[in-house]
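Peer 1: Can you keep this structure in mind? I'll have questions shortly.
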Amino acid sequence: MWRPTLALAALLAVPSQALHFFIDGAQQKCFFEELPKETLVVGHYDALAWDDQTQSYVSKPDVGVFITVEETFDNNHRVVAQRGSSKGRFTFSAADSGEHRLCFTPQNVQSSGGWLSNSGIHGTVKFHLDMAIGETSKIESTDKGKIDDIVQKVRDLNSRLQDIRREQVFQREREAEFRDQSESTNARVVRWTLIQLAILGITCAWQLSHLRAFFIKQKLT
């Protein structure tokens, strides 16, 4: 089991620090960190595998990483067991104060068998690690793009809801205007019908009176 040197511990003492180390094959590399209770830890990692053709460390899609975080003060209680690709992110929050062991195990990589050491290469995997420990500003800046996207989507949704409300108000106003016009038209139709009936009644009465006078005049003559 590998423990960090004093230099590495000094690097990890700050809230956020990038570092890298070498791993030979699928060996597990661990380091220890004292964390206060409810401390949020966010880490980004990138495992580069040695490539014989390019004679350099490159990203390979078939390489994976298995990450574990254990509470050494609580009988090595495991709080994180994450299997991911060669590049990714992990996060956890310390449930209690104490020493935590963070371990990284590359997968789908071969061991050098000692032949790389002769050429000055330290291992078949070069592991980059960037951790933010209890630093909300760093974590927020990392996710700022995602948060901005969510905020923009919420704003767009609110704008759309406002448009829908305005459309509903407009439709209600149109319906009220149409109803008023319909009621006004119906009232005019009824009024014109009553006028026509009155004219018809007066005409009938006048014709009856005229016919009566005509028949009376005919009898007298």
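Even glycines carry a Cβ here, placed using N, Cα and C.
Just so you know, TrEMBL annotations are computer predictions that nobody has curated.
Taken from TrEMBL, the feature signal peptide covers 1-18. Per TrEMBL, domain 'GOLD' is recorded for 28-131.
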Peer 1: Quick one: mean pLDDT on the domain 'GOLD' (28-131)?
Peer 2: 87
Peer 1: Could you give the number of helix, strand and coil residues in the domain 'GOLD' (28-131) as assigned by DSSP?
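Peer 2: Across the domain 'GOLD' (28-131), the residues distribute as 6 helix, 63 strand, 35 coil.
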